[in-house]
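Student: Sharing a structure with you now.
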């Protein structure tokens, strides 16, 4: 999966079911998981993270979920066709035997630890590797340490066969220049593949993730509508749209992601997250969103995908001003 220096392709990981479950108090049903995972898989997202938001094997004190880890794993596995499935484990909060369950259903496991305590999670790393799981080390609360401390942890992880190490902006503290410094430090210390997981407390999650990619990160995390702990995560619709504008991720169906975000996530949490996917689509295509409500109504009345109508309108419309009549002509043409 590592790309050449001449053309690096980002690898997008969606954690709507895992980190996004904070936004619904860990109450996703197994039907929710099937629908969300199925939509993401169909859209071409290559890595999908599931399981309890805090950690697989979470005790009741971490917040009871609507279903067990195994029920979530089975639900996701029943619908996924192409994506790799994984979960997060926090060794300080979970029993090592939980790794065995992950090995029965999943493809990868992300092990959370602060940068100065990597040796404490070595038993979990070895157990996961013995189960054939792709292991990623998540250096949580990265902002607490200087970049060279993360670099040393990343080098140690690579020495024991770990291929992926993440910078994790747990508290949403980073600015883009911080994301760059930390990613570059990890990249410079070993040939480990670097990931970036951003939170949106300063409304910088998308900008930080793009900067992390430019600095050399390969794995980029996001969630539908930016659902997640606290202020939320990097909104995957924005992230994919921005990367596609740069010529990346041609195999990902952006319209399908827009539709999944609205159908699967809107209204699900009492807290407001993210930007309306249709507004993102208007921005992506360079259309003035003044007529978004007319377009929505016309598309829905015709039984068409709003995202598809936006895309077709952008292809057909060449003028400076988009009128309701312009939209109506597009809809009629799509129905013909």
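In case you wondered, yes, glycine gets a Cβ from its N, Cα and C as well.
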Student: Need one residue: from 19, 30, the one Swiss-Prot lists with 197, 199 for Mn(2+).
Tutor: 19
Student: Return only the integer: C-alpha distance in Å from residue 18 (site 'Transition state stabilizer') to residue 199 (Mn(2+) binding site).
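Tutor: Their Cα atoms are separated by 14 Å.
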Student: Near the Mn(2+) site, what residues other than 19, 197, 199 in the same chain have a C-beta no further than 8 Å from the centroid of the listed C-beta atoms?
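Tutor: Other same-chain residues near the Mn(2+) site: 15, 168, 169, 170, 198, 205, 221, 223, 228, 229, 233, 234.
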Student: Including all protein chains displayed, how many Cβ atoms other than that of residue 199 (Mn(2+) binding site) lie within 10 Å of its Cβ?
Tutor: 25
Student: Counting Cβ atoms within 10 Å across all protein chains shown, which of the recorded positions 18, 197 comes out on top?
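Tutor: When each Cβ's neighbours within 10 Å are tallied, 197 leads.
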Student: Are there any residues in the same chain, six or more apart in sequence, whose C-beta is under 8 angstroms from the C-beta of residue 19 (Mn(2+) binding site), and if so which?
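Tutor: Residues satisfying the criterion: 49, 53, 221, 223, 227, 228, 229, 233.
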Student: Using DSSP and collapsing to three states, where does residue 197 (Mn(2+) binding site) fall: helix, strand or coil?
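Tutor: The three-state answer is strand.
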